[in-house]
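Student: Here TrEMBL flags 1-19 as signal peptide. Annotated transmembrane segment per TrEMBL: 35-58, 79-104, 110-130, 137-155, 170-191, 203-228, 248-272, 279-298, 310-327, in sequence order.
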C-alpha cells in the first residue's frame, strides 16, 4: 500500500517539478511582472487538499459507525504539530518568493541548475537534524547529482541573460535563487524532524492536514507582500494586456494551472518525506531538474550546451543509484525478517539436565 502511494506521489512530484517553472516562465515572458503574486500562486492551490481530507473523514466515520463509536474527529492534528506547521509554512512562503524572484530574471535552465544544489545542503541538514543514515548508494547519488549541477554551473550564464535584464539583476537573481535552494534543503528535514518529534501517530491524513496548514500560512505570508506591493490593483490590468491567448481568459487560466501544478510539487515533496525520507525527496527533485531544462530548451528555445547533456546523464545515474540502494536495503530487511520468523526458538533447559 505504501509503495503504491509512493509511486503515485512521485508522479505528482514529477509533474510539479517540471511543469511549475515552465508555466511561471510563460507568465514572465508574456508581460507578467508580479513576483509576490507568483509566490502566492505556488501554494494557493491548497483547497484541493480538502478533497482527500473529506474522503478520509467519511471513511473514518463509516468505520467508526460500524464499530459503534459515536464521535469521529474532524481534525486529527494537535497543537504542537499545528504550531510547527505554521512556522514551516512561513518559511515556505519566503522560499516561494525567492524562487519566483529568481525565475523573473534567470532562464529556467539556469534556475534549475542552481536549485539542484539543494541536494548537497539537504544531505548535510538531514545528517544533523534527523540522523539520516548514508549508504554507498545514497552517497554516490549525492556526488553524481552535485557533480551534474557543478558541470552546469561552469557555463550556466554564458549568453543566456536576456537583453532586458541587467547584470546586477542577474547576479541578485542568482543569489536569491541560491538562497531558495538552501532554504528548501532545510525545510524538508525540518518536516521530517516534526514527524519524529510530535507525540502523534503520523498517518497520511495527518500529513495532509499539516500540508494544508503550511500552505495557508505560506499563502498568508505572500498576501502581505502582495498588499504592500499593490498587486491586487495591477493584476486586472496585467491580465488585459497579457501578450498571448487573447488577454484575460488565458491569463487567468494560466494562473489556475500554475497553482494546481505547484500544489502537486508541494504535495509530492512532503509526501515523499512521509513515505521515505527528506533525502529521498531531495534526490527526486534534483533528478528531475535536468528534465525541466530539456523541456525549457524545447518550449522556450533556451540554449542546450554539451554540459547540460552530461549533467542529465549524471542526474539519471544518480537517480538510479539511489533507488537501487533503497531496493537492496528493503530487500535485505525483508530477508532478515523472514529469517527471524523461520528460526526455531531455543529449547528450554530443564533443572534435571543442569543437574
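Positions of Cβ are set from backbone N, Cα and C atoms, glycine also.
Could you place these features in context, so I can see how deep they sit and what lies close by?
Tutor: Long-range Cβ contacts of the transmembrane segment (79-104) within its own chain (Cβ-Cβ under 8 Å, at least 6 residues beyond either end) map to 21, 24-25, 28, 33, 35-36, 38-40, 42-43, 111, 114-115, 173-174, 176-177, 179-180, 183-184, 186-187, 190-191, 194, 197-200, 206, 210, 213-222, 225, 266.
Cβ atoms under 8 Å from those of the transmembrane segment (170-191) belong to residues 88, 91-92, 94-95, 98-99, 101-106, 110-111, 114-122, 124-126, 129-130, 132, 157, 161, 210, 269-270, 273, 278-279, 281-282 of the same chain, restricted to positions at least 6 beyond its ends.
Under 8 Å from some Cβ of the transmembrane segment (203-228) lie the Cβ atoms of residues 5, 34, 36-37, 39-40, 42-46, 49-50, 52-53, 56, 60, 75-77, 81-82, 85-86, 88-90, 92-94, 96-97, 191, 194, 263, 266-267, 270-271, 274, all in the same chain and six or more residues away from its ends.
Non-local neighbours of the transmembrane segment (279-298) in the same chain are 10, 13-14, 17-18, 21-22, 25, 107-109, 112-113, 115-116, 118-119, 122-123, 126, 132, 138, 141-142, 145, 148-149, 152, 185, 188-189, 269-270, 272-273, 304, 308, 311-312, 315-316, 318-319, 322, 326; each lies 6+ residues outside the stretch with a CB under 8 Å from one of its CB atoms.
For the transmembrane segment (310-327), the list of distant contacts is 113, 116, 135-138, 140-145, 147-149, 151-152, 276, 280, 283-284, 286-287, 289-291, 293-294: same-chain residues at least six beyond its ends, Cβ to Cβ under 8 Å.
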Student: Are there residues at least 6 beyond the ends of the transmembrane segment (35-58) whose Cβ is under 8 Å from a Cβ of it, and what are they?
Tutor: 20, 24, 27, 72, 74, 92-93, 96-97, 99-101, 103-104, 204-205, 208-209, 211-212, 214-216, 218-219, 222-223, 225-226, 228-229, 231, 235, 255, 258-260, 262-263, 266-267
